[in-house]
Amino acid sequence: MASGGGGCSASERLPPPFPGLEPESEGAAGGSEPEAGDSDTEGEDIFTGAAVVSKHQSPKITTSLLPINNGSKENGIHEEQDQEPQDLFADATVELSLDSTQNNQKKVLAKTLISLPPQEATNSSKPQPTYEELEEEEQEDQFDLTVGITDPEKIGDGMNAYVAYKVTTQTSLPLFRSKQFAVKRRFSDFLGLYEKLSEKHSQNGFIVPPPPEKSLIGMTKVKVGKEDSSSAEFLEKRRAALERYLQRIVNHPTMLQDPDVREFLEKEELPRAVGTQTLSGAGLLKMFNKATDAVSKMTIKMNESDIWFEEKLQEVECEEQRLRKLHAVVETLVNHRKELALNTAQFAKSLAMLGSSEDNTALSRALSQLAEVEEKIEQLHQEQANNDFFLLAELLSDYIRLLAIVRAAFDQRMKTWQRWQDAQATLQKKREAEARLLWANKPDKLQQAKDEILEWESRVTQYERDFERISTVVRKEVIRFEKEKSKDFKNHVIKYLETLLYSQQQLAKYWEAFLPEAKAIS
C-alpha cells in the first residue's frame, strides 16, 4: 500500500484499474514497463499524487474527473482498449498534490477548477458591484420623515430683531425620540447646520444641499420696516426655501444619520451659530479661501483616467449655464405677469368708473360686470405669477446652487488626486536622496532616509485609497443627484402645468359667463 510516494516502485505508480474493467484492460495498461531505476524527482512524480488519490477516492469522485478526457465514452466507464490511461489524469493531476495534509480541500479545489472556465475561476474571488447596482440600492432608500416650516415670527425690535421659524418633524424612524416634535429655529441656525455638515462631509465627496442665499435688503426691511405686503412676501419666500433645504437634508441617507441633524430637529435650544454673517471675520476668511481655491484649481491639471468623470463634469457645467439663462427668463416672466396683474386691476377700475357714469342701463350693467370679470382675471394673473415663481423660478434657483455643490465635489476629488500625486513626487525625491547617500557612503544618514521612505510609502498608499474612495462616493452621489433632480423637475413641472390649465379653465369660465351680458346690450 502506497502511503507516501518516496518509496513507491514503478508498478505502484501506475494508475489503478477502474471498477468494472476486465483484467485484460489491466494487463494492457501495465504493458508500459517503466525502468526500475526511476526516482521520485523525475517528471513521473505527477502520477504519484494521482495514484494515491485514486486509491483513496470513492468511485464517485474519480468519475467526476473523467469528463475532462475528450476521448472518453459513457462518462468514462468504458474505455477504448488502445487508449493510454495517462490521458485520464492529464488535467486532473495538475491540480492535485500531496504537499498538504488537507486532501479534502484539494479535492474541492480540483472539482471547482474543473467545473469553471479558467478565466471565471480566477475572477470569482471578489465580485465588484456595478454602478447600476449602486443605483438600485439608492432606489431602496426610502425614509419615512417629513419636515415642515411654518409660523415665521419676528422677535425683538430694530436691527437686533430676528425671525424664528417653527420646524415640525413627523417620522416613524427609531433614530428620534418621538414620532412628532417641533422646535423654534432662526435663519442663522440653518446656516450653522450647513457649515457643520459641509465641514464633515464635503471633503469626502458628498453633495451637501446648500441653504437659501442671504438677503441683506429683505431682512433689513423686515427688521426696521412695518409689516407690509413686501415683508410678508419675503418671509414666505424664505420659509418655503428653508423647508425645501431641510427636506433635501433629511432625504439624504448620510445626512439623516448625522448627529448634528438630529440635534437640529430635536433639541429645544441650540448654541448660537458663529461665523455665519457675511461681514464677520469668519465670513471674510471663507471668501478668501474660496478665492484661493479658485486660483489653485486653475493651476491643477488632472490626467483623468476615467472618462465618466470628465464627461459628467462637462455636463454639470453646461447644465448650470443653461439653468442660469432659463432662470433669468423665468424671472422676467414673473415680473411681466405681476405687471400684467397690476395693469388688469387698473383696467377693471377704469371700467367700473365708466359703467357708473353710463346712461344706457344695459351698457352700464355690462361694463360693471366686465369690470368684475377683469378683477377676477387680475387675481388669476397674480396667482399664476406666484406659481411661476415658486414652482419654476425657485426650483431653478435651488438647482443652480446644487450644481455648484456638485462641481465642488468634483473639485474635492481633484484635490485628493493632487495630494496623491504630490506624495508620489515626494516619495521619488526621498528615494533619490537615499540613492545619493548610498553613493556617497554616508551610513549615518541612511537609516533616517529609509524611515522617511517608509513613511511616504505609507502616505502614498493611504492617499491612493482616499482617491479611490472619494471617486466611488462622487460617482454614487452624482447618480443619486440626477435621480432626485429628474423626480423633482417632473413633480414641479406637472404642478405648474396643472396651475396653467386651471387658470385657463377659469378664464374661459369667466368669459362664457359674461358673454350673455354683452349680447344683451341693446
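Cβ atoms here come from the backbone N, Cα and C positions, even for glycine.
As annotated by Swiss-Prot, compositional bias 'Acidic residues' applies to 35-45 (among others).
Positions annotated as compositional bias 'Polar residues' by Swiss-Prot: 55-73.
Positions annotated as compositional bias 'Acidic residues' by Swiss-Prot: 132-142 (among others).
The domain 'PX' annotation in Swiss-Prot covers 143-272 and rests on sequence analysis. The domain 'PX' (143-272): residue composition by secondary structure is 65 helix, 28 strand, 37 coil, according to DSSP.
For 302-522, the entry in Swiss-Prot reads domain 'BAR'.
Per Swiss-Prot, the feature phosphoserine maps to Ser32 (among others).
Feature annotation from Swiss-Prot assigns phosphoserine to Ser39 (among others).
Residues annotated as phosphothreonine in Swiss-Prot, with similarity to another entry given as evidence: Thr41 (among others).
Residues annotated as phosphothreonine in Swiss-Prot, with a large-scale study or a structure entry given as evidence: Thr48 (among others).
Sequence annotations record features per position, and here Swiss-Prot assigns phosphoserine to Ser58 (among others) based on similarity to another entry.
Residues or ranges marked as phosphoserine by Swiss-Prot: Ser72 (among others).
Per Swiss-Prot, phosphoserine is recorded for Ser188 (among others), and the stated evidence type is a large-scale study or a structure entry. When other Cβ atoms within 10 Å of the Cβ of Ser188 (phosphoserine) are tallied across all protein chains shown, the result is 17.
Positions annotated as N6-acetyllysine by Swiss-Prot: Lys237. Around Lys237 (N6-acetyllysine), the same-chain residues six or more apart in sequence whose CB sits under 8 Å from its CB are Phe389, Glu394, listed in sequence order.
The feature phosphoserine is assigned by Swiss-Prot to Ser280 (among others), with a large-scale study or a structure entry given as support.
The region 'Disordered' annotation in Swiss-Prot covers 1-84 (among others).
Here Swiss-Prot flags 115-142 (among others) as region 'Disordered'.
The average pLDDT for the domain 'BAR' (302-522) in the predicted structure is 94.
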